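Participant: Sharing the features that TrEMBL gives for it:
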BINDING   CYS502, CYS505, CYS542, CYS545  Zn(2+) 1 binding site
BINDING   CYS511, CYS514, CYS529, CYS532  Zn(2+) 2 binding site
COMPBIAS  12-26  compositional bias 'Polar residues'
DOMAIN    269-435  domain 'Helicase ATP-binding'
DOMAIN    537-690  domain 'Helicase C-terminal'
REGION    1-39  region 'Disordered'
Amino acid sequence: MEQRALWDEPAQGSSEEAPSSGSTGERTSRVRPGRELSLQQQAATVAPAVSASPPVLASIAVARPVRGEFTYSVPESLVSQLAPGQRVLVPFGRGTALGFYLGPAARPPGENVRLKPIQRVLEDSPSLPKDLIALLRFAAEHYRYPLGEVIRGSLPPGLSKPVDEKEAKPDVQQFAVALVNEVPPSLARAHAQSAALAYLLAVGGSAPLEEVSHAIPGARAHLKSLASKGLVRIEEKKLEAGVKEGLIQGRPDRLTPEQDAAGVTLREALDTGAFQPFLLHGVTGSGKTEVYLRAAEHALSLGKGSLILVPEIALTPQLVGRFRSRFGSEVAVLHSALKDRERLFHWQALRKGEVKIAVGVRSAVFAPVENLGLIVVDEEHDPSFKQDDSLRYQARDLAVVRGKQAGAVVVLGSATPALETLENVKKGRYRLLELKRRVDDRPMPTIEMVDLRQERPRDGMMTDEAPILSPPLLAAMEETLGRGQQVILFLNRRGHSTVLLCEVCGVSLKCTSCDVCMTHHRSQNRVVCHYCGLAMPVPDRCLECTGPMLKLGIGTERVEAEVLERIPTARVARLDRDSATSAEKLTEMLAAFARRELDVLVGTQMVAKGHDFPGVTLVCVVMADTSLAIPDFRAAERTFHLLTQVAGRAGRGKDPGRVLVQTYNPDAEPVKRVLAHDFDGFAQQELEWRKALAYPPFARMASIRLEGEHPEQTASVARHLGNIISRNMPPASVGVRLLGPAVAPIAKIRGKTRWQLLLKGPTHVALAPLLARVEAALVDVPSAVKVVIDVDPGAML
Ligand SMILES: Nc1ncnc2c1ncn2[C@@H]1O[C@H](COP(=O)(O)OP(=O)(O)OP(=O)(O)O)[C@@H](O)[C@H]1O
Ligand SMILES: [Zn+2]
């Protein structure tokens, strides 16, 4: 059966053009006749129609948790003011609500319906550009979330409330501009000031004050002191298109032949001005960022905007810095730590076309970049592009949808593309651009395996664990550090020991409100639940039988302690969610490692992201097996991605890199393929398996998750929903399957019982009627049971 990409499927509902109303001159909006009739009638009051000439009708999304678009009448005084994308105030229920005017509407069926009028238009120029309206409509339908809430969630605070735009005006943005090219020796003792100045220089000599203080706490005051010393100038900035601020930094003189070829193709694609999706599959360290930069440069030369999506800003300061130093103040950086006013400022600067490039995290897929020519999704395989609450969208998928709607070039970049993306390449939907070699012909790192089964102490009992740092690993570390080079140690588990087990009764210590083991955090001298945050003192005896407790399962904290014990001279830091408690700490730790003030970085998947540390020549995977056994059909893929990505941090400078992988499962498919540098082999094997079991990309999925106070009640709701689905199943030939209802892999979190149902089918269209049935049944579900529908779910836990 032909599989269709997400964006191939028509959005549900009709896509016919609304009849021209002749009043707004816009005919772009779609109406969905009848589909939400009962809701439309909520906004209408029944009365005899009196007016002679047909009234002008508007389709409005109301920022309330209700489905569908509502029809309102347009008072004559407002007719000339109305433009799609505007925020308006409308009567709703007994009060008023913020609404978004989406376009003219057809008269809803029903002769005697008198519609309520729009009360007020809140802004002159629309907050929402036209292409975003289409994207938000798609997101609401695809991920089954109320459109008004989708729109409100996409807007910066300030615009998401029913206030006039005039009241929502942001402050002028202050920029710090460096007046020197390097940190002068006179600042040697003023550590904080020199750090602020160093940051400024690193990002091209100019940056908004907000951004510097985001990276370096207290930087605002330090920059002002620097200004009083004449080293920095503080400017109030009006961002203007076409102005290049700061020094053009780090632009390589020559592209590699592969970069050049990819660049030529992208330039041609940009010149056509039509939608074209690409996968940029480049090995780690092949210089993908430079390809993005050149494409954005070309888009800019055509007067077009670019949108660059990255997994997590704090983890990718280098990428942000490269964009900032290339394009100066023409870049809006959108991250979660922005203050409300700043977010509003960036939104409006982009909306007005004053800033043409946006770099941001997944929510930036909704950024109002004007005249969008290019969308880049860096590290497109990264799970963080999927949002896991409220609107459960996949930003990479929406980026492709947006590109199609806007007629933009879309580049999905990764060293380890998602299988979904690879399949789209195979099907000819995406064009493939490859960078098979590292820049400057640097070699890929060598990857060696350390079999932990062999490293276990022979004379001990069978249960004895292998050493955390095996002799070969320790030797490699000492040798690397001896040469003055740096080491990354990767283990994807936080804490000191991850399991506390009674030696006598074998019972492990579990959280009282979650179905998971407590992790021992020695630095806090506590055991902590990683799901609900519950923490308590470490019990020295089993709570069941008072037997002595064994501490098993290593976490990053224990690895760090072990390194300090075995190599006392090494300067070691740990990078995980316990140590990087703020974006500032994170940035600072990465910067210190980059400045080579640290020798060893121990960390979770945070160390595996696109970092570019030329001093790192040795990467050690402390245990490759941790993510293999997770009950998720993507477990093997995730493991393979993580190992490949972390291995890719080695040997990016002039010295070649080496990777050591400790494992108990050398024969596990992802481990074996990583050791063999065999991306294609892994992908092929895994795709065959997915096909045989009908998992994505060979099927579409939706999960229905339940969470309830009472185990019995939750189970019975799950079974009830299961019955509804079973009764409405299309014929078997359609290929839709229901898995469950079943207790979720983690049966309880925060005291709530969890169940899930999984739907698989050939297309989203095949699943939609069943999901609609489930939604309709939710009105009868007791409020103690929370039900969530997740289309294209990310994690299965
Ligand atoms: N043409 C070039 N000549 C010299 N150096 C280059 C060139 N292009 C990129 N570089 C440098 O090569 C390094 C690696 O590039 P980059 O970080 O973009 O790799 P990447 O492909 O994104 O890798 P990863 O997938 O591991 O993040 C960077 O330090 C970059 O500045
Ligand atoms: Zn818990």
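Glycine too: its Cβ is placed from the backbone N, Cα and C atoms.
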Participant: Since the record lists CYS502, CYS505, CYS514, CYS529, CYS532 as binding-site residues, which of them has the fewest other Cβ atoms within 10 Å of its Cβ?
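Facilitator: Among the binding-site residues CYS502, CYS505, CYS514, CYS529, CYS532, the sparsest Cβ neighbourhood within 10 Å belongs to CYS505.
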Participant: Among the binding-site residues CYS511, CYS545, which residue has the fewest other Cβ atoms within 10 Å of its own Cβ?
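Facilitator: Across CYS511, CYS545, these binding-site residues, the one with fewest Cβ atoms within 10 Å is CYS545.
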Participant: Identify which of the following binding-site residues, namely CYS502, CYS505, CYS514, CYS529, CYS542, CYS545, place a Cβ less than 6 Å away from any atom of ligand 2, and list them by sequence position.
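Facilitator: Only CYS514, CYS529 meet the Cβ criterion.
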Participant: Calculate the distance in Å between the alpha carbons (Cα) of CYS514 (Zn(2+) 2 binding site) and CYS542 (Zn(2+) 1 binding site), and round it to a whole number.
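Facilitator: The Cα atom of CYS514 (Zn(2+) 2 binding site) is 18 Å away from the Cα atom of CYS542 (Zn(2+) 1 binding site).
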Participant: By CA distance, which of the binding-site residues (CYS511, CYS529, CYS532) lies nearest to CYS542 (Zn(2+) 1 binding site)?
Facilitator: CYS511
Participant: Would you count the other CB atoms within 10 A of the CB of CYS542 (Zn(2+) 1 binding site), including those on all shown protein chains?
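Facilitator: Within a 10 Å radius of the Cβ of CYS542 (Zn(2+) 1 binding site) lie 21 other Cβ atoms.
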Participant: Which one is closest to CYS511 (Zn(2+) 2 binding site) in space, judged by CA to CA distance, out of the binding-site residues CYS502, CYS505, CYS545?
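Facilitator: Checked the binding-site residues CYS502, CYS505, CYS545; minimum Cα distance to CYS511 (Zn(2+) 2 binding site) goes to CYS502.
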Participant: Cβ within 8 Å of the Zn(2+) 1 site centroid (CYS502, CYS505, CYS542, CYS545 excluded): which residues?
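Facilitator: Near the Zn(2+) 1 site, beyond CYS502, CYS505, CYS542, CYS545, sit GLU503, VAL504, GLY506, VAL507, ARG541, LEU543, GLU544, THR546, GLY547.
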Participant: Given the binding-site residues CYS502, CYS505, CYS545, find the one whose Cα is closest in space to the Cα of CYS529 (Zn(2+) 2 binding site).
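Facilitator: The smallest Cα gap between CYS529 (Zn(2+) 2 binding site) and any of the binding-site residues is with CYS502.
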Participant: Looking at the binding-site residues CYS502, CYS505, CYS545, which has the shortest Cα distance to CYS532 (Zn(2+) 2 binding site)?
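Facilitator: Result: the closest of the binding-site residues to CYS532 (Zn(2+) 2 binding site) is CYS502.
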Participant: Hey, for the Zn(2+) 2 site built from CYS511, CYS514, CYS529, CYS532, who else sits with CB inside 8 A of the CB center?
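Facilitator: Going along the sequence, the neighbours come out as LYS510, THR512, SER513, VAL516, MET518, HIS530, TYR531, GLY533, LEU534, ILE749, ARG750.
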